Each structure stands twice: as C-alpha cells, then as structure tokens.
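Engineer: For reference, TrEMBL lists these features for the protein:
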- 35-58: transmembrane segment (TRANSMEM)
- 49-299: domain 'G-protein coupled receptors family 1 profile' (DOMAIN)
- 151-174: transmembrane segment (TRANSMEM)
- 206-230: transmembrane segment (TRANSMEM)
- 251-270: transmembrane segment (TRANSMEM)
Amino acid sequence: FTTLTNTVLTEFPVIPHLTLQLEGLMVTNTNKYPVFLFLLLAYVFILIANVGIVILIWTDRSLHQPMYLLFCNLSINDVMGNSLLIPRVLADILVPPSEHLIHYYECLMQAFTGHMFGTNSHTVLMIMAFDRYVAICNPLRYATIMNGKMVIKLTVSAWGVSFVLVAILLGLTIRLNRCRTLITNPYCDNPSLFKLSCEDVFINNVYGLAFTVILLSSSICSIILTYSNITAACLTSNSKSLNSKALKTCSTHLCLYLIMLASGLIPIALHRFPQFPEYRKISAILFYVVPGSLNPVIYGLQSQEILKCLSKLFHLKRVIPSL
C-alpha cells in the first residue's frame with residue numbers, strides 16, 4: 001500500500017493551494033520547435049516594431065500630432081499584452097504538461113493584463129476614430145479641439161475606463177473560493193479563473209456578459225457613427241484633397257479595427273465548437289499576436305510622415321512624395 005501511495009504521489013504531484021496548472025497547447029514533439037520559433041519571432045517583431053514606432057514618434061517633433069500620439073497607445077497596449085502572454089506560452093511549450101504550473105497571483109496579473117489589452121484595443125481605436133472625425137468633419141477647428149489637453153484627456157479616458165471595467169470583472173472573481181486547480185487554457189483569463197470555483201457564479205456571468213455587450217456595442221456604434229459622418233462630409237465636399245486624406249487615414253484606422261474585431265470574435269465563435277479545443281487555444285493566442293504584428297506595419301506603411309522619418313533615419317536616397 002505504501003509503495004502504491006508513493007507511486008501515485010510521484011505521478012500526480014500535490015499542487016499547493018496557490019499553485020494552478022495550465023493545460024497549455026497540446027503540441028507534438030514534431031511541431032514543438034516550429035511553433036516555438038514562430039511565436040518567438042512574432043514576439044521579437046512585435047517588440048521591435050511597436051517600441052520602434054513609439055520611440056520614433058516621441059523623438060521626432062514633426063510626428064507630435066494627435067493622430068500619432070494616440071496611436072502610441074495602441075503600440076504600448078500591444079507590447080503590454082504580448083509581453084505578459086507570449087514568454088509564458090513559449091516557456092510552457094518546452095516543458096511537459098505536468099510542469100505547466102503558475103502561481104495564483106501571477107495568474108491574476110496575466111488575466112488582468114489580458115483583459116486590459118482586449119478592452120484597450122476597443123477604447124483606443126474609439127478615441128482614434130474621434131480624432132479622424134474632427135480632422136475631416138471640422139478641419140478648421142481641428143487644432144483648437146485636438147490640443148494637448150484633449151489628447152491627454154482622451155488617453156486617460158481610454159485607459160481609465162478599461163481599468164475600472166476590468167478591475168470590477170476580476171474583483172468579482174477574486175471573492176470566490178477555489179475548489180479546482182486546472183485551467184483549460186494556454187493562459188489565464190477571467191472565465192478560466194471563476195470556473196475554478198464551486199460557488200454560484202451567476203453574478204460573474206451577468207457582469208461578464210454585460211461588460212462584453214456594452215464594450216462591443218459602444219465600439220461598433222461609435223465606429224459606424226463616425227464613419228457615417230465622415231462619408232457624409234466627403235460626399236458633400238468638392239475638395240479632392242479632403243477626400244484623399246479621408247480615404248487614406250480612415251482606411252488605415254478601419255483596417256486596424258476590423259483586424260482587432262475579427263481576431264477577438266474568432267475565439268468566441270470557437271467556444272461553440274467544443275470538439276475543436278486546440279483551434280480555440282491557437283486563435284486565442286493569435287488574438288494578441290496578429291494585431292500586435294500588423295498594427296505597426298499597416299499604420300507605418302500608410303503614413304507618409306512616418307516613412308519620411310524612417311527614410312531620414314536610415315539615410316535612404318529615395319524621396320517619398322508629400323501628400
């Protein structure tokens with residue numbers, strides 16, 4: 001009996017109260033290193049591209065415009081979200097599933113950062129849409145409205161609203177007692193955490209649903225309203241330069257929004273198909289990786305000012321025509 005007990009304890013180690021186990025990605029030995037390399041290269045690119053754009057905008061005075069300063073929020077958000085997720089996923093890929101252990105407080109921090117990332121993706125793009133609305137629909141008052149104080153107010157509002165909403169979301173989860181330790185995800189999030197409890201989670205489900213509905217409806221309605229007004233302004237204007245400016249800047253912003261929206265809705269849709277758990281896990285990770293990789297590329301390539309600064313920085317000989 002003693003021998004059997006020791007064998008069971010060896011094969012199934014006792015997990016301390018504050019230690020949780022992540023299910024992680026179920027990758028085979030054949031796919032382990034290609035997946036690891038892909039995520040590593042993606043993470044390095046996200047860091048270099050986003051940090052590089054933020055440094056470029058802050059060091060070049062010609063880029064000290066509301067549009068670029070607001071975009072810095074998106075780059076900072078991408079770096080924050082990916083930095084607390086990808087390194088942990090990379091570490092778990094290289095070790096056996098039994099060693100996918102995470103401390104409860106680290107799990108909470110990861111969940112908080114993940115939900116901040118997702119919420120900020122909406123709120124930051126909403127304030128960027130407001131900036132485009134003022135620039136195109138009220139060009140003569142743009143400098144007056146979008147001054148330094150307004151940029152700071154919009155930035156604080158975007159991050160502040162996200163912080164309050166996510167803090168309440170996780171606050172409702174922290175109050176619950178836990179009776180399980182397995183998180184069936186490659187990383188921690190709020191649903192995974194409150195599923196560890198055996199208590200009634202009705203309030204958590206109601207607030208989580210209300211949170212999602214309010215965020216998505218506010219985000220989508222603000223984008224539709226903004227672009228409806230911009231379209232109306234372009235149709236009633238005979239200015240080709242205004243229409244060209246609207247097409248260029250708004251197409252970039254709309255592209256970023258659609259990428260973020262699609263990356264977030266795919267994992268939600270895959271929850272309806274429990275027979276594909278690995279696809280859901282992969283899509284959940286790509287929700288961080290895809291926008292973080294594409295945002296600086298799309299915005300950088302579409303911005304003549306950023307391209308000009310890069311050309312001066314790297315002493316490129318070709319001259320980029322001005323708008």
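Backbone N, Cα and C atoms are what each Cβ position is placed from, and that goes for glycine too.
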Engineer: Could you tell me what the rest of the chain brings near the transmembrane segment (151-174), counting residues at least six beyond its ends with Cβ under 8 Å?
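Structural biologist: Apart from its flanks, the transmembrane segment (151-174) reaches 66, 69-70, 73, 108, 111-112, 115-116, 119-120, 123-124, 126-127, 130-131, 190, 193-194, 197, 203-204, 207-208, 211, 215.
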Engineer: Where else in the chain does the transmembrane segment (35-58) make close Cβ contacts, counting only residues six or more beyond its ends and a cut-off under 8 Å?
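Structural biologist: Distant contacts of the transmembrane segment (35-58): 25, 27, 64, 68-69, 71-72, 75-76, 78-79, 82-83, 86-87, 89-90, 93-94, 285, 289, 292-293, 295-297, 299-300, 306, 309-310, 313.
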Engineer: Pop the mean pLDDT for the domain 'G-protein coupled receptors family 1 profile' (49-299) in here, whole number is fine.
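Structural biologist: Averaging the confidence scores along the domain 'G-protein coupled receptors family 1 profile' (49-299) gives 90.
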